[in-house]
């Protein structure tokens, strides 16, 4: 039995190292089913399983096994193992958006590493704490309307704390001579300073990240550095320099055969050339982005490309071609249920039809006069006043509604011109009607939170209630209170470490002493125990209604809505008094690798 469990675990480890995490988890789960009395082996299996599920993005299962690993490590007095399990638990909690608990776990890893004189573990813990604050700052930025660098105090404080821990990590990995870890630190320092609006500093750090990526031949990291440098130079209005870095991004994306990143680079180049008013070049790159989006069946990306192409052709005065792409944008927006995009497309189609003097009946369903593939702008066509005003109208209206999409890292889905269209097509709403409607929606929720008042009672009913009140204070109720107390006590005990709940553990006389004696001498602090209770107990928030699902994702469009970014950089702000529509939440960026799992005893 023992050999069988270890053999299954070793095969699972081999598969995970080869990148086959799905098959690897199957072998690890089989090893847990077989069970073992060797505590070190079981701890290694928990660690491996947690990391495998993490890579498979099954974060709930990853959390479960990392908690098992932590509980077992604490009970056998394995301080290094406890630190590594805390690190893995912190990374998983971070991905789940439970940042406060994640920081407690990572801080626990840092404390244990410093206690044990483990410099490598200390450096990793510092990096992970910085990463949690970094992710928390990004989450706080979702829906934020401030310009880059003009952040709310709580967001700025969170991001500055992230930079502090990254800098501490950088100092330590320099001392250790770990160039790869230095590269990660430089990259993240560049990203946090970018969010803080410190673009010159961000460029300095990204250049250092780029140098280390080239040193190790890390093409993917090199590509990311080029893209980040391009974004930073945009904010410094150095658009020609930005195009150079985006071209390098495109070249490396092709070399890596990464079609998604190739499409994103084309989209960024199209928008940068739009800034430079080189509309022929912009349209070339928009078309390349469109073709890849079609190839990858990214309908949201196709819609975004069609919108951008429509704007490009308007700038060249080719209104017929602009109308073709505006109609394409409208069709795609209807298909994917993008209400904002549909309203924007309808407005653009209506304005273009008016400028061209054509009706809907004059347009064929397929608009076969213009083919999407290879469509080129007719530069001989003279710009009309209508087309210029249409471009200005579309550009200016985007500015306020798309503000801060770059810093929030939300995926662009539509033009977000709902407020503009509503203002054009509807009378201003009656404030009294709005308040009345709001009260209707809120009244039922308020009633649910109120206590129920009894109807006026007769003398007989009052006497009965008095008798009931006396009954509740009678000696028999002591039994009820004792029952409640014991029930609550059992719930608290269930949340504490219980080795009997560890799957795959076969308790014997040989390991029982290790489980009882060692663990009791290594009690963590109250903060850490409270964190564990939070992780293991049900949350009140779980009983509330879930937030709306995020909108459709466009993988071929950069996470940062670059077109909205450049509109804000270039154009004046309008309609500041309008209500800001909330942005759809997007998943957090990928987290760093989990803590390396413990190996199996030889």
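Every residue gets a Cβ built from N, Cα and C, even glycine.
Given the ranges 358-381, 382-405, 406-429, the record in TrEMBL names 358-381 as region 'Disordered'. In the repeat 'TPR' (43-76), helix, strand and coil residues by DSSP number 30 helix, 0 strand, 4 coil. In the predicted model, residues of the repeat 'TPR' (223-256) average a pLDDT of 96.
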